[in-house]
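Engineer: Got a structure for you, written out below as structure tokens; questions coming shortly.
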Amino acid sequence: MMTFHLHYYIFCFSFLFSMFSIITSSQLSSNFYATTCPNALSTIKSAVVSAVAKEYRMGASLLRLHFHDCFVNGCDASVLLDDNSSFTGEKTAAANVNSLRGFDVIDDIKTKLETACPGIVSCADILAVVARDSVVALGGQSWSVGLGRRDSTTASKDAATNDIPSPLMDLSDLISSFSSKGFTTQEMVALTGAHTIGQARCQLFRGRIYNESNIDSDFATSVKSNCPSSGGDGNLTSLDVTTNVLFDNAYFKNLVNKKGLLHSDQQLFSGGSTDSKVTTYSTSSSTFYADFGAAMLKMGNLSILTGQSGQIRTNCRNVN
């Protein structure tokens, strides 16, 4: 009887795993362009490496584009659309205006791909691959990116305003915001580790460095030199003050030492439920890399358009 049950459970698991594989592969595939545009991935990688070499900050900007795309109605490249007579796009939403950048790099990549294989590679897929290649270019580990997304034909400023997490959020709001997109608390912490690269404007962390107590005093003093109590709203400071051009786990070490730049950053290590995960990531870069890659893979599948849905834009800024 035990043998029967064992074989039955093994059969059920194998069947479910097979069905999951079929469902997943029918959506996205890492070799989606293997025959239709065989040089697509190498073309994207070359452009990213070049852009990051010119300006390290661009790596963080390109990674952020993918995040801000996926969190608003899914990974459909809606974030790249300019306003038109039919809709007001996402570029002017509070979380994006005068902040999102790297659009020219995406344009350059799209132009190269349209020359090599017209109408094949979607802007949404470009964003997903560019995010991965940016992390790798700054010293992080790679992950397999599923491909086959298609591009939206609309965008929504209101959705961007409502759906992108704020740097002023408390831990409970961060957990809720990510949970609404299907992420666990652990995945939220892992994804926020992207703040190991990039910069933030003074206006977004002024309140933290001048008013909060759970902050290293020397760190606060050093940051205040570039962020006065009034004025200088656009002055930039690195989110990771130790290794800001390397994708590593130093961000989490900073949090343990009360050196999180944004209020939302330090909320991850402030006596709450995520303290233990921050501690784990601060001591194990391999654990962080593995969890980050898995969370990015999951994020890249948010509400995607496939098959005959959407379109393959010729210009990422405009609907065909």
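Just so it is clear, glycine is given a Cβ too, placed from its N, Cα and C backbone atoms.
When I checked TrEMBL for this same protein, it listed these features:
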- 6-23: transmembrane segment (TRANSMEM)
- 27-320: domain 'Plant heme peroxidase family profile' (DOMAIN)
- CYS37-CYS117: disulfide bond (DISULFID)
- ARG64: site 'Transition state stabilizer' (SITE)
- HIS68: active site, proton acceptor (ACT_SITE)
- ASP69, VAL72, GLY74, ASP76, SER78, GLU90: Ca(2+) 1 binding site (BINDING)
- CYS70-CYS75: disulfide bond (DISULFID)
- CYS123-CYS316: disulfide bond (DISULFID)
- PRO165: substrate binding site (BINDING)
- THR196, ASP240, THR243, ASP248: Ca(2+) 2 binding site (BINDING)
- CYS202-CYS227: disulfide bond (DISULFID)
Engineer: Taking just the CA atoms, what is the gap between CYS37 (disulfide bond) and GLU90 (Ca(2+) 1 binding site) in Å?
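Structural biologist: The separation of the Cα atoms works out to 29 Å.
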Engineer: What other residues of the same chain, not counting ASP69, VAL72, GLY74, ASP76, SER78, GLU90, have a CB atom within 8 A of the CB centroid of the Ca(2+) 1 site?
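Structural biologist: For the Ca(2+) 1 site the neighbour list reads HIS68, CYS70, PHE71, ASN73, CYS75, ALA77, VAL79, SER152, ALA155, ALA159, ALA160.
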Engineer: Just how many other Cβ atoms lie inside 10 Å of the Cβ on ASP76 (Ca(2+) 1 binding site)?
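Structural biologist: There are 28 of them.
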Engineer: Report the mean pLDDT of the predicted model across the domain 'Plant heme peroxidase family profile' (27-320), rounded to a whole number.
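Structural biologist: The predicted confidence over the domain 'Plant heme peroxidase family profile' (27-320), as a mean pLDDT, is 97.
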Engineer: Looking at the binding-site residues SER78, THR196, THR243, which sits with the largest number of other Cβ atoms within 10 Å of its Cβ?
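Structural biologist: Going through SER78, THR196, THR243 one by one, the largest Cβ count within 10 Å is at THR196.
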Engineer: Cα of ASP76 (Ca(2+) 1 binding site) to Cα of THR196 (Ca(2+) 2 binding site): how many Å, rounded?
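Structural biologist: It is 25 Å, counting Cα to Cα.
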Engineer: So among HIS68, CYS70, PRO165, CYS202, all listed as recorded positions, which is physically nearest to GLU90 (Ca(2+) 1 binding site)? Use the C-alpha atoms.
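Structural biologist: So, spelling it out, the nearest of the recorded positions is HIS68.
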